[in-house]
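What follows is a set of notes on a single structure, which appears directly below.
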Amino acid sequence: MNPNQKIITIGSVSLTIATVCFLMQIAILATNVTLHFRQNERSIPAYNQTTPCKPIIIERNIKYRNWSKPQCQITGFAPFSKDNSIRLSAGGGIWVTREPYVSCDPSKCYQFALGQGTTLDNNHSNGTIHDRTPHRTLLMNELGVPFHLGTRQVCIAWSSSSCHDGKAWLHVCVTGDDRNATASFIYNGMLVDSIGSWSQNILRTQESECVCINGTCTVVMTDGSASGKADIRILFIREGKIVHISPLSGSAQHIEECSCYPRYPNVRCVCRDNWKGSNRPVIDINMADYSIDSSYVCSGLVGDTPRNDDSSSSSNCRDPNNERGNPGVKGWAFDIGDDVWMGRTISKDSRSGYETFRVIGGWATANSKSQTNRQVIVDNNNWSGYSGIFSVESKSCINRCFYVELIRGRPQETRVWWTSNSIVVFCGTSGTYGTGSWPDGANINFMPL
């Protein structure tokens, strides 16, 4: 071959090889595309199906409350909340209430009260001085929110108690005939249990928060005479179900309207003796074995109303003092070592004014009367009413707080036909504080009749 022929031959062979390679690449590409579409056809459903979207449930590690932290060391009480319900009622749309209280879940506090089934600017408010009607319901709002028309009615009740066990709310709601009332136990929004009157004489309960420790809640209930011997029982409830009932034991003679607080691992209550004593009875509740003991606050500066003058009042820690025991008013106190913090009306005769103070040795020494850290909450020219305790868990300790019911209308203010209240709330503080007075503040002449 001459050189030109060699060049032509090499070029032809190269072109042939290149063509074959090109065709092979096309074949490979076609094969891949075919396989890809066949694979997709197998994975696509034959019909236009939809896959349901299931919610992802994230379970929080919710635990029962045990209140095992120590009690906060306080110097006194600082203002926390005031709802101004009566002043706001002058403009209408606020419930008529009484028997208010405060209780908290692990993250937020709520105010409760027993509504009268009417607003204040409504003719149905006439006669709401009466305690027990079938129209009364337990109201619940976030603390500081007055009971407006959108307020939740938790249950039917003319006597109640509520507490949160760390997982859900328990409400104890008493209603019905005086001689045959029913207490309903509502847990997590559902009716779980009930109990009927055992003495056929106005079954009633605390009108403030119950207490739950490690899932078991306890509440004090009374059935019987308001001015004589009554049948007092302490109920233990778990997730709304009554698991045990203990009778009152110890030296207390009469128990009503207890203000209870956790004293880990047990519960302690300071109550109202409506029969023999103006010194307040104490109930100690053992949450492990359901045993009960009772006595009286040792302080000679007694907490009930009416009462003797401080110079002549007394308490021996064990027995009612037989000093103006009837009728009485709901109140509170709590121990701090051998001392006692307490609140009471300023007037020894009527429900007016409100003060708090610490009595040195008032929990351990009979008739102790050394008072310190006194504060005026409501001056004596203004009406007060019931008061009670509630507990709040902080990062390091258990704080004690209290509320005061500020009653307006009848029986003291006869210009109007209704009876209702607002509240003011204070909590323990380790800081400093000033002075003041926090009455209801409504001008009765501005109010609907």
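From the backbone N, Cα and C atoms, a Cβ is placed for every residue, glycine too.
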In Swiss-Prot, Cys163 is paired in a disulfide bond with which of Cys109, Cys173, Cys210?
Cys210
For the Ca(2+) site that Swiss-Prot describes with Asp273, Gly277, which of these is also annotated: Asp289, Asp293, Asp304, Asp309?
Asp304
For Cys317, what is the disulfide-bonded cysteine listed in Swiss-Prot, choosing from Cys271, Cys298?
Cys298
Say which of Cys72, Cys104, Cys109 is recorded by Swiss-Prot as the disulfide partner for Cys397.
Cys72
Through the lens of DSSP with three states only, how would you label Cys427 (disulfide bond)?
strand
By Cβ distance under 8 Å, which residues at least 6 away from the ends of the region 'Disordered' (305-330) in the same chain are close to it?
207-208, 226-227, 251-254, 256-257, 259, 272-279, 281, 295-299, 344-345, 347-351, 366-367, 369, 385-388
Using the alpha carbons only, what distance in Å do you get between Cys397 (disulfide bond) and Cys163 (disulfide bond) once rounded?
19
What subset of the disulfide-bonded residues Cys72, Cys163, Cys217, Cys317, Cys401, Cys427 lies within 10 angstroms of Cys104 (disulfide bond) at the C-alpha level?
Cys163
